[in-house]
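Below is one structure, written out as structure tokens; the observations come after it.
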Amino acid sequence: MDNHQKRNLTFLTIGLIFMLSGIEYAVILPTIWRYLQILEAPPYFLGLGLSAFSLSGLLTGPLFGFWSDRCKTTKSIILFSNLFEIAGNFMYFIGYSKWLLLWSRLVAGVGAGAGSSIFGFLTRSTRPEERASIFAAIMACRQAGLLVGPAFNLFLRLCDFKLGPFVVNKYTSPGIFMCLLWMLLQCVVLAMYWDVPPISSEGGAVMVEMKQEEDDEEEVPLMGSDEEPVHTYRAVSSNQLEISTSSETEPIHGSSTVSNPFRNFSASREFLREEVVVLLTAQFITLFNQTALETMVTPMTQRYFSFGELGNSLMYSLCGVEVILGFFFVRWLSRKVADRAVLAVGLVICCTACIWCLIFLCNPRGGYGWELTAFIIGVFLQLLGLPFVAVSQVSLFSKVTAEKTQGFSQGVRRSIGGLATILGPLWAGGLTNNLYIMLGMMLALLIMITVMTALSYDHLIEPRAVQHAQSSDSGG
């Protein structure tokens, strides 16, 4: 099997990982509140349970990213992190007490931290021009999981039997179901995932093979001295491929001698640059607003439209279809339009959606038909902008940060997103009866990041492209 086939199978496996994360969210969320009530948990435990998953992912993401940058491998990290998903979901299935249920979500969230390593791997394994489309496809896989997840609940809710000492019912069955799915995924990762070597941003040449040929001819030592300059292939490097030392590429084949990619690393120099601050701010605001809206929607549909479980399920299914189609549209668009333009369009759509909601949803008038139409338009616009912003900021972030520490950088990015997913519901949860304040704050954040993007627009581009443009100008 050649590297191209291995690469495609590996990307397929990554898609399955993200799909399972979406399915897990979709099968557990509808029943966790009633599950906690049966275990006599107070109401605030629902917020704790949902936040625990994000919290552990927030804390472990940079650690998994740091690990993958040091060892230049992700397969072992994924296999290790999935053990936490398996253990956490089994604990959820046991569910003897409210505290065990809380710990189950905390343990399962550790497994989600491996996402930083996966995004680091995708950055190293893709060319800049194809990266946004691949990120869009991977994100669409999670949305597909969110879409098909409720279908599994149709048969899980029928479970009513005992498995040894454990009771399997509609509340505990999501735990054992996801435990089995993550165990099956372990087999898929073992069989279909390879730590394929990184490719150049020019022709797709394999770095390891080139370096092996060079080593065979010259018989150079595995590691250079400390005085020798250590070059590293970076997402922000020039057009010419910079080949890393064999000590950095050999670990793909199992060598234990790995040079330290963090030797000259400076967090302030890496993350406090103008373009990086803008993209991290976009990550926070996008997820903060998204989770705040998710928190607001269900009470709003109940209050104004008397939606029950069926109505909400249908609404979420239609929303999932829209988001998936949006991701695939952005996948196509990113091949023709620069990432920063996609980001700008997404922010304009999000601002328009928030303004619409402020005008028509905070104090709805005009009868049931008009109120429902205004609500549908508002939700449609909100979801329409999401894929534009999500894909473009992840793709740009991978291009303006160093590739050799990409896993750690993606961990920081995902941690900031995790913080937003914790704060968003907390903000919206207490303001469901004060939509002017809630939506006004969200609009203010969107206007802020839109202005930041406009002022930093010239910097929101891969430095390699900037160097190329400058050389073209000087040549003319």
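For all residues, glycine too, the Cβ spot is worked out from N, Cα and C.
Under the heading domain 'Major facilitator superfamily (MFS) profile', TrEMBL lists 10-458.
The transmembrane segment annotation in TrEMBL covers 12-33 (among others).
The annotation transmembrane segment is assigned in TrEMBL to 45-65 (among others).
Taken from TrEMBL, the feature transmembrane segment covers 77-96 (among others). Within the chain, the transmembrane segment (77-96) has long-range Cβ neighbours (under 8 A, six or more residues past its boundaries) at 17, 24, 28, 35, 39, 64, 67-68, 103-114, 117-118, 166, 168, 171-176, 178-179, 182-183, 185-186, 189-190, 193.
Nonlocal intrachain contacts for the transmembrane segment (102-122), taken as residues 6+ away from its ends with a CB within less than 8 angstroms of a stretch CB, comprise 11, 14, 17, 21, 24, 45, 48-50, 52-57, 59-65, 67-69, 74, 77-78, 80-85, 87-92, 94-95, 131, 134-135, 138, 175, 182, 195, 394, 398, 406-411, 413-414. The transmembrane segment annotation in TrEMBL covers 102-122 (among others).
Counting same-chain residues at least six beyond the ends of the transmembrane segment (134-155), those with a Cβ under 8 angstroms from any Cβ of the stretch are 11, 14-16, 18-27, 30-31, 119, 122, 126, 174, 177, 313, 316-317, 320-321, 323-324, 327-328, 330-331, 334, 387, 390-391, 394-395, 398. Summarising the annotation, TrEMBL assigns transmembrane segment to 134-155 (among others).
The transmembrane segment annotation in TrEMBL covers 175-194 (among others).
Sequence annotations record features per position, and here TrEMBL assigns transmembrane segment to 313-334 (among others).
Marked as transmembrane segment by TrEMBL: 341-361 (among others). Nonlocal intrachain contacts for the transmembrane segment (341-361), taken as residues 6+ away from its ends with a CB within less than 8 angstroms of a stretch CB, comprise 132, 282, 286, 289, 300, 330, 333-334, 374-375, 377-378, 381-382, 384-393, 396, 435-436, 439-440, 442-443, 446-447, 449-450, 453-454, 457, 460.
Annotated transmembrane segment per TrEMBL: 367-390 (among others), in sequence order. Only residues 6 or more beyond the boundaries of the transmembrane segment (367-390), in the same chain, are considered here, and those with a CB under 8 A from a CB of the stretch are 136, 139, 282, 286, 290, 293, 297, 300-301, 304-305, 315, 319, 322-323, 326-327, 329-330, 342-343, 345-350, 352-354, 356-357, 360-361.
If you look up TrEMBL, you'll see 435-457 (among others) marked as transmembrane segment. Tertiary proximity for the transmembrane segment (435-457) is limited to same-chain residues at least six positions away from its ends with a CB under 8 Å from its CB atoms, namely 274-275, 278, 281-282, 285, 288-289, 292-293, 296, 340, 343-344, 347-348, 350-351, 354-355, 357-358, 361-362, 427-428.
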